[in-house]
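So the structure is just underneath, and the comments pick up after that.
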Amino acid sequence: MEAVKAKKHLGQHFLKDESIAKDIADTLNLEGYDNVLEIGPGMGVLTKYLLAKEVTTYVIEIDTESVTYLDQNYPKLKDKIISKDFLKYNINEIFEGKQFAIIGNFPYNISTQIVFRALEYRNQIPEFAGMFQKEVAQRICEKKGTKAYGILSVLVQAFYDAEYLFTVDETVFIPPPKVKSGVLRLRRKKDYSLPCGEKLFFTVVKTAFQQRRKTLRNSLKTLNLSDILREDEVFNLRPEQLDVQQFIELTKKIEADGI
């Protein structure tokens with residue numbers, strides 16, 4: 001079968017550099033789980049290196065042309081190709097509560113959505129690695145006090161240790177994207193349970209950063225906090241001045257306030 005044609009509406013940019021594909025596959029430590037799910041494998045440049053490892057590899061691909069290509073060229077993937085949209089698919093139809101890692105050269109147009117979707121399965125995902133638009137990868141790994149630090153940074157780092165590994169040039173893709181890419185690795189924290197309400201924590205973080213230039217006293221007005229609580233010194237700060245632990249402590253204070 002001929003090579004798959006990259007489809008713009010799917011955000012496809014096929015990696016052609018074998019050494020980079022191998023490096024991405026090697027970011028997984030493969031401990032504590034027996035299954036790996038690759039999102040958006042395309043023509044399998046990364047897949048071949050995953051299949052060589054001592055884990056069971058599944059792939060999920062929305063592009064039917066790519067699915068046909070994988071089926072014809074990778075016999076080891078027999079019964080392990082999921083022709084679905086990752087953002088809508090119930091992963092436990094295949095993993096049934098088991099632990100698995102996620103990896104991929106993620107489509108730029110939905111990469112952030114992929115991360116948020118993966119967070120929903122964090123109890124089953126001890127490790128997550130792959131390639132994003134460089135700016136997105138940096139945002140995920142960013143620490144407090146910078147413009148890039150935001151919702152994605154806090155919510156991911158509440159549950160995972162995030163590490164930016166290396167930058168990838170535009171020229172190693174077909175077609176080349178307009179921006180550089182970045183590879184990162186997330187490893188789930190040993191204790192990743194939140195000592196506060198999860199739903200409220202997500203709400204506090206998202207609400208705070210929606211008006212990131214304002215102090216928390218102003219950005220969190222919609223939560224209807226008591227006047228006494230709003231006098232706490234933390235409300236003089238802007239959201240990018242709080243690290244993950246401080247957001248957790250803030251959420252606990254809001255809980256105690258009766259929210």
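All residue numbers here begin at 1 and follow the chain in the order shown.
Glycine too: its Cβ is placed from the backbone N, Cα and C atoms.
Summarising the environment of Asp85 (S-adenosyl-L-methionine binding site), the number of other Cβ atoms within 10 Å of its Cβ, over all protein chains shown, is 11. The S-adenosyl-L-methionine binding site annotation in Swiss-Prot covers His13, Leu15, Gly40, Glu61, Asp85, Asn105.
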### Task
Using all protein chains shown, find which of the binding-site residues His13, Leu15 scores highest when you count other CB atoms within 10 A of its CB.
His13
